[in-house]
Amino acid sequence: MSATKLTRREQRAQAQHFIDTLEGSAFPNSKRIYITGTHPGVRVPMREIQLSPTLIGGSKEQPQYEENEAIPVYDTSGPYGDPQIAINVQQGLAKLRQPWIDARGDTEELTVRSSDYTKARLADDGLDELRFSGVLTPKRAKAGHRVTQLHYARKGIITPEMEFIAIRENMGRERIRSEVLRHQHPGMSFGARLPENITAEFVRDEVAAGRAIIPANINHPESEPMIIGRNFLVKVNANIGNSAVTSSIEEEVEKLVWSTRWGADTVMDLSTGRYIHETREWILRNSPVPIGTVPIYQALEKVNGIAEDLTWEVFRDTLLEQAEQGVDYFTIHAGVLLRYVPMTAKRLTGIVSRGGSIMAKWCLSHHQENFLYQRFREICEICAAYDVSLSLGDGLRPGSIQDANDEAQFAELHTLGELTKIAWEYDVQVMIEGPGHVPMQMIRRNMTEELEHCHEAPFYTLGPLTTDIAPGYDHFTSGIGAAMIGWFGCAMLCYVTPKEHLGLPNKEDVKQGLITYKIAAHAADLAKGHPGAQIRDNAMSKARFEFRWEDQFNLALDPFTARAYHDETLPQESGKVAHFCSMCGPKFCSMKISQEVRDYAAAQTIEVGMADMSENFRARGGEIYLRKEEA
C-alpha cells in the first residue's frame, strides 16, 4: 500500500504522463511472436518466454548445458506487448479486422448517426478538447442482412476471426517437443468437450451451437478476436470506469492498457460520471480486447439519475449510440420481472445489482413489466445489425452468503434462458451472468442450473465470493469461488479487486484483481484438463528444481513481484545462481537435497551396473572376444 496518497491533480498528471510516454514493451526475457493463418491478415500474437539452458555436467572450466525450449503463452496485450510497434493513443490502434469486415460486403457506412445523443455531443464545440480526434465512421448491416459471428457460423462460414481464435486457443503448444513439458494429468471436465487440437471448424461449430461467443462489434475493428465458452480457455474480465466523484479520461485509458498488460481478456467500461461518451470513444479506439458496457447506467445519467424517468426511447438511443461507437457486448437486465421483485423482500441484503435495482425501482414505480423484457426483440434487432453480443444480467444475484441460491435468483435465471432462445432467433450471441456471493458447497448447482435452463450458453460470473468476512481481501474470497466455478464449466470470470465493497479500484488494485483471477482461471483450466494448460507449470517446476532463478521469475504471472520478493533477502547477483533460497538456506534446501539424492542414486546404479558386468565377464571365462553363438 502506498505511503503517500496522490491528489486528484497528481493522479491525472501521472496518467497523462503514462499515456504520453507509452511504448510497446514485453515482459522480462520475453519476445512477441506471431503465428500466421490461411486467411489474409490472420497473424496471431503470442508472448514467448525465453529460458536459460540447464547445466547437465562437464567441468567448471568446460560445463555442459542442455537447451530449454521457449514457452509460448496467450497474450492479451495487443500492440502494447510488441516493442516493435509505435504507440500513439491520440491516433488509436490499427484496425486489424477492417479488411475482413469490408470483404464480407454486408455492411454500409452511416452518413448520419442513429443516436440523437451522439449527434448532440458531436455538435457541441465545447467538447472538442476532450474528444478523440480520429472519430470512426460507423457501419451497420445492410438492409436484410445480419452481421453476427453466430449468423456466419450457422451458415457454415469459417470467418478469419474463427481461424484467429483457433490458433490463439492452441497457445502455440505444437511448438513444444519436450515430453517433460507436455506431460499433463487427466482432468475432470464435467461434460466439457476439450479436443486435443482446436480447429477453426471446432470454433465455428461451438459458436453455431450457442455454446460460445465471439464478441466482435463491426465498429470495433481494433480488437483481436477472442472466444468465450466452456470448451475453451477460461477467460477473465476487468472492470474500469469513472464515477461522479473520481477518475478522468486519461486515468481510464491508463487502466485499460494496464488491464490488457496483466491479462484481461475483456474489459467492461462501467463509467457513471461525466463525459461517458467521450471516455468510451477513447477506450474503444485504443482497446485490443472486447469492450462491454451496462447501457442502463448511461441511460440513467441522461435522466439525471431518476430511475422512474427512464423510458424505452432513452434506452434505445443509448443502445444505438454505444453500438455505433463499437461496444462489443451489452449487459441487459431483462430478467428482472415485476413478479420477482417481492421474492427479494425476505433477503438479508435485498437487490445488490445496480442495474437490477434500477429496473426493480422502475417496475414498482410504474407498476409495469420491465421494459427491457417487453422490448427484448427490438434490442435483439439492434444487436444483430452491429454484432453486439448480449450478456444477460443477473439483476437478482445474491449479495450475501445468506441469500445464495434463493427463489429470486433462480427465477431470473430461468427467464434468462427464455430470452436466450429469443436472441438466437435473431442470430445474436448470448452469454449469461451469474453470482455473486455463494458458499463453496452451493457453487456447483449454479453451473448445472445454468447449463440446463440456459441451453449451454456461456456462463459469466462475478466470483462468486465464498465468504463475507474479508473486506479488503475479497479478491481472495472470490478467487476461490472463481476457480471452482471455472472448473465446473464457467466460461468467463469477472474479476474482483481488493477494493470490492470499499471503493473504486486504482491501477494497483486492477493488477491485484487480475493476477488473482488469472490464477483462478488457470487453475480451472488445469482441473478441466485443457490441452497444454500444464506446460507452463511443468516449465516452472523444472526451473525451480534446477535453481534457474531468472527463469522462475520470468515464467511467473507477475515476474516483477516474484523477483522483488526474492531480492528482499538475496539481493546480490550471486543469489540469482545460488542453489538455495532464503527460506531454508544452503544446508536445508529440499530441492538441493533431492538433487544430491538423485545424483547419488544415479552413481550407485552405475556402480552396481559395473559390478554386474564384471561378474558376468568373469563367468564367461574372462575372454575379451566370444564366438557368435556364445555372445
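Numbers here mean position along the shown chain, with the first residue as 1.
Note that Cβ sites are derived from N, Cα and C of the backbone, with glycine treated the same way.
Record note: Swiss-Prot gives Asn239, Met268, His333, Ser353, Arg354, Gly355, Asp394, Gly395, Leu396, Arg397, Glu433, Tyr460 as substrate-binding, and the candidate from Tyr152, Tyr297, Tyr517 in that site is Tyr297. Closest to Tyr297 (substrate binding site) by Cα-Cα distance, out of the binding-site residues His437, His501, Cys589, is His501. The Cβ of Asn239 (substrate binding site) lies under 8 Å from the Cβ of Val267, Met268, Leu270, Cys494, Tyr495, Pro505, each of which sits 6+ residues away along the same chain. Taken residue by residue with DSSP, Tyr297 (substrate binding site) is part of a helix. Here the candidates are the binding-site residues His437, His501, Cys589. The one whose C-alpha lies nearest to that of Tyr460 (substrate binding site) is His437. Here the binding residues for substrate are Asn239, Met268, Tyr297, His333, Ser353, Arg354, Gly355, Asp394, Gly395, Leu396, Arg397, Glu433, Tyr460. Their largest Cα to Cα distance works out to 20 Å. DSSP assigns Gly355 (substrate binding site) to a helical segment in the three-state reduction. Counted over every protein chain shown, other Cβ atoms within 10 Å are most numerous around His437 among the binding-site residues His437, His501. Here the CA atom of Cys589 ([4Fe-4S] cluster binding site) lies 52 Å from the CA atom of Gly395 (substrate binding site).
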